[in-house]
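As recorded in TrEMBL:
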DOMAIN    B:31-397  domain 'Aminoacyl-transfer RNA synthetases class-II family profile'
BINDING   B:Asp100, B:Leu101, B:Thr102, B:Arg127, B:Gln143, B:Asp147, B:Arg296, B:Tyr300, B:Tyr301  L-histidine binding site
There are 2 protein chains.
Amino acid sequence: PSSSVAKLLELKAQLGGDDGKQTFVLKTAKGTRDYNPKQMAIREKVFNTIVSCFKRHGAETIDTPVFELKETLTGKYGEDSKLIYDLKDQGGELLSLRYDLTVPFARYLAMNKITNIKRYHIAKVYRRDNPAMTRGRYREFYQCDFDIAGQYDPMIPDAECLKIVYEILSELDLGDFHIKVNDRRILDGMFAVCGVPDEKFRTICSTVDKLDKMLWEDVKNEMVKEKGLTEEAADQIGEYVSMQGGMDLAERLLHDPKLSQSKQACAGLTDMKQLFSYLQLFQITDKVVFDLSLARGLDYYTGVIYEAVLCQTLQAPTPAPAEQNGAVSGEEGGVSVGSVAGGGRYDGLVGMFDPKGRKVPCVGVSIGIERIFSIMEQKAELSAEKVRTTETQVLVASAQKNLLEERLRLTAELWNAGIKAELLYKKNPKLLTQLQHCEETGIPLVAILGEQELKDGVVKVRNVATREENSQKNNLQFKIHRSSSQQYREHLECIDHC
Amino acid sequence: PSSSVAKLLELKAQLGGDDGKQTFVLKTAKGTRDYNPKQMAIREKVFNTIVSCFKRHGAETIDTPVFELKETLTGKYGEDSKLIYDLKDQGGELLSLRYDLTVPFARYLAMNKITNIKRYHIAKVYRRDNPAMTRGRYREFYQCDFDIAGQYDPMIPDAECLKIVYEILSELDLGDFHIKVNDRRILDGMFAVCGVPDEKFRTICSTVDKLDKMLWEDVKNEMVKEKGLTEEAADQIGEYVSMQGGMDLAERLLHDPKLSQSKQACAGLTDMKQLFSYLQLFQITDKVVFDLSLARGLDYYTGVIYEAVLCQTLQAPTPAPAEQNGAVSGEEGGVSVGSVAGGGRYDGLVGMFDPKGRKVPCVGVSIGIERIFSIMEQKAELSAEKVRTTETQVLVASAQKNLLEERLRLTAELWNAGIKAELLYKKNPKLLTQLQHCEETGIPLVAILGEQELKDGVVKVRNVATREENSQKNNLQFKIHRSSSQQYREHLECIDHC
């Protein structure tokens, strides 16, 4: 039935409306957006900060296709699998759009038998989720992933991932933040000693994961009424998940009479102590909290997990209605942007792809860039500074008519000299129009051609902001002799910087 | 039936093979590939060249989603529409992966009522074509598009597009190339005066488009036997499409007794003369050929069209079997990479999206980057120079045991000073292992910690290539006093550059 609807829609589009024009909705797909030049300028700035950090830590980069064989994604995301976009079966393989960059990374490692790599990957991923675009939640969105694969001594790469989150969030200047840390083994050990049956570990874990959006009362209700846990077990869990601290808490829990019964929990707590000792060397413990309520949704984590949260709230452009999409209500009236980075250790994922099940231990972090974009865009809106969307240094203009050929010739000379130059695509544009173009787009210099300049073999260069044309005081040559490319470049760069 | 196959495959994947392991094919989807770090390094270099050129010409950049409403793509690509990837109907809108960047650009302009813009867009597009990956033909591939939209005086933006192709292909240093130019109006006028019925213009145009891959004999056969053209008409077309030249040819054809009967052809020829006069000012006529056999596949062109072809041939990694995918056999034994850039004027496309049919004239060019990557990769293979995939400046190493904490502390100091630094994630790596890591990955410097250095409060820095540790002759400080970040940076950068 859906395919006949498609055919009807297609026919309708081809036939068009009553006026002979095609009638269709002019929009992007639900949950997606275009980036205009201003948004792109902000996006590039954010990417540069993130990529610089990844490179500072010695990472290589890879890329994978936007779609994978459907079976590559099967069984990796638990309950979230329903959010995967499938491609239509047009004959051939069954394909799905990637849901994250971690599973394709693991597939890449197994396929190429790579056992050691430190790589970053910045690309779009796809989730058929309920979009909440004013808060930076989209169906198509960027992830910026950094992962370290290899058999190493415990907690050293894990600590570096946290250092990276710390560096990036500090450099982006997004206000105060903190990074919650926990360990899947501590969670599992806690469930075991609280009397949760083995087969309910994952589902109880998903319920605990909702603690950042729901009150404990409601989380407990879900555990007891929906998932059949005893009230006693739920209360014991409740005690543990309210705990927060640092290395001291890990030390204390290692001696907790109940939790220390679990070998798993002890292994996790010992590693947590080790992790904090490295974080102290990195001097980043001021922002890191060992938080037993952190659970994280994805199935594939096996050890340390973490999540970074901004303390700042984001002003929603339109008054947000009742929260439906799991976003947190901000305490200060705005809307909390919530988690902006997350990750953890997943030592079993690569093995799921290896024909012989050989494991490659991995740990990584994903920066949730869309929420960061939203904040940066709002900042740009509020700021008086105008965002330039081109880098043009000089506009080649004419003061008189019939100088198109001269303008074209000079512009080409500038391009050939590596100078960013533009001209208006009109035969006889008014000088005022040309100057207005400079002011609108922020071009700092205008090279003005006139009969006299052509006769003298010079070009008059004007600083658009100051309107200076021939100042001797800065010892600048505002009239450039049209000679070598090298001289052009030197002259213009000098004028541009002064 | 296809959905039950899908279910069976999924079940099979879940159940796994006899040994309890999952059995599935470990591969990327047909016609797609991963980029490994070395390929990414080459890709970034090519992108940098291209983006620099686009920015030098004053372009902004935008981005659009990877999928569009299916109806947005309907009726834009003629016979090629069958190559569009559709998404599965999972409830909601019917979506397709973008086939090029031009249609999404036109949709963007109409949707945002933009009538003037010069923008570039670099992104992946998707075509369910027969892949020929050894020659750089993929189902997922990058396009690098530059377009100028707006009502301007004739041929000025068109000439700039050709200048851009010329600059990029020259800078990428891919060997000799030429750019063929023609005009849809000249083609249509030619068809008219040769007696092709109006309704056969587009289909005969597609046949002419095959002239770069087929002999004239075969093209003629297709026109006469498959498409029902008279032999006389075909022969007349044959005479025209064998013509090549420059401004002189346009001038001559304006006086051609037959062709000059067509108003359309005359308009195209007059513009062609104008175009060549601008190309002369840009000094690029040495590579541009007015070629009446150039037709281009896409439906939406309305004026000037062009295509750049490399003269160089590409050595196929494996002996290529019979050519099936339309690639040209090279004359020198290798495989011609064929067209590496193409584009033209499309004045009607934006109007197809505007509810009132308002037109926005556009002209643009698309750089076919995958073929360029193939060539660059082969060049890198043949070159002795090793491609570095990281930018790490210094490895923090230790000469003795039990110095992990000192290594971590120093590495963090370097990161905080903005220096690209790494350490091995082992508690007690051998010095030799650490030095080998530098040699394998091209890290130029190693900072070696030992008991004595720690006591003295200094770090010994070794140049990996020269093994110099303490040379006075260059007046370099190979022992750095661990003081301020700024000093670190200055010292290391100095050492790195010397």
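Cβ atoms here come from the backbone N, Cα and C positions, even for glycine.
Those TrEMBL annotations? Automatic predictions, nothing curated.
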Overall pLDDT for the domain 'Aminoacyl-transfer RNA synthetases class-II family profile' (B:31-397), taken as the rounded mean: 90
Cβ atoms near B:Tyr301 (L-histidine binding site) (within 10 Å, other residues, all chains): 25
Lowest local Cβ density (other Cβ within 10 Å) among binding-site residues: B:Thr102, B:Gln143: B:Gln143
Winner by Cβ contact number (other Cβ atoms within 10 Å) across the binding-site residues B:Asp100, B:Arg296: B:Arg296
B:Gln143 (L-histidine binding site): secondary structure state under DSSP, collapsed to three categories: strand
Pairwise C-alpha maximum, in angstrom, for the residues (B:Asp100, B:Leu101, B:Thr102, B:Arg127, B:Gln143, B:Asp147, B:Arg296, B:Tyr300, B:Tyr301) that bind L-histidine according to the record: 21
